[in-house]
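Student: Taken from TrEMBL, the feature domain 'HTH hxlR-type' covers B:8-114.
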There are 2 protein chains.
Amino acid sequence: MPDIEQICRGDVVTAGHLRDVLDRVGDKWSMLVISLLEHGPRRYGQLATDIPGISQRMLTVTLQRLERDGLVTRTSYPEIPPRVEYALSPLGASLQEPISALAQWAYAHKDEFLASRDRYDAKA
Amino acid sequence: MPDIEQICRGDVVTAGHLRDVLDRVGDKWSMLVISLLEHGPRRYGQLATDIPGISQRMLTVTLQRLERDGLVTRTSYPEIPPRVEYALSPLGASLQEPISALAQWAYAHKDEFLASRDRYDAKA
DNA sequence: CGGAATCCACAACGATACTG
DNA sequence: CAGTATCGTTGTGGATTCCG
């Protein structure tokens, strides 16, 4: 069972597994999409409205990347009008746990965050 | 105790706490620096050699951002030659736990990751 | 409805040179 | 030693338009 030290040591430092996962889900929307899919399958349009501010393009490419890495599944129903559902794969569902840990840390410490920043900026 | 649903709902979706923390430590080097500082204070030059591939500039700006957000403390000793030590603050140390969770997830599932990607790319 | 294609702006990043 | 300054490159994300 590896710890951070093991992960960030030797010839795998820069290309460590931490880097890998951040490169995949560290972008602007991936974790948000995963969080929303946690509650069950969603259609493309649903996600578009549930994530204010996201563009069609970014929703599309984000979903494609997540599907490519096996985190979400895409199911297309050949109807008219077309219907496409996205859902978390087991792999994606397992990722939701560490993501939740990160989100809860952010929620718990948001005040310290802002306070420190204000102090820093006040001196500059 | 908030869960993901609470965090990603309503008018705080795009500016959710998850977004906040990702904006700070989701960049290329921050989590790596935090991981290294976990073992104790490190000097600037030590970090530079312990993180192969990082440029002086990126190490500097990464450390400044981490200090600004209160995750890292900077201690300068007025000697010749100058000596500067960076260490995790209590806040930064508390962040190491969710980061570790993410890293361990990455380590545990790296094979599924790559396999899914290969399958996807083979069809394209 | 669920995209794909194109173009563009900006910020992140890297390399290099210089400094107290 | 521990940075700062400047420049060039790259990648990410947004706006718009078009298609099955």
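Keep in mind that glycine also has a Cβ here, set from the backbone N, Cα and C atoms.
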Student: Counting by DSSP, what is the helix, strand and coil composition of the domain 'HTH hxlR-type' (B:8-114)?
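Tutor: For that range the per-state counts are 65 helix, 14 strand, 28 coil.
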Student: Could you pull the average pLDDT for the domain 'HTH hxlR-type' (B:8-114)?
Tutor: 89
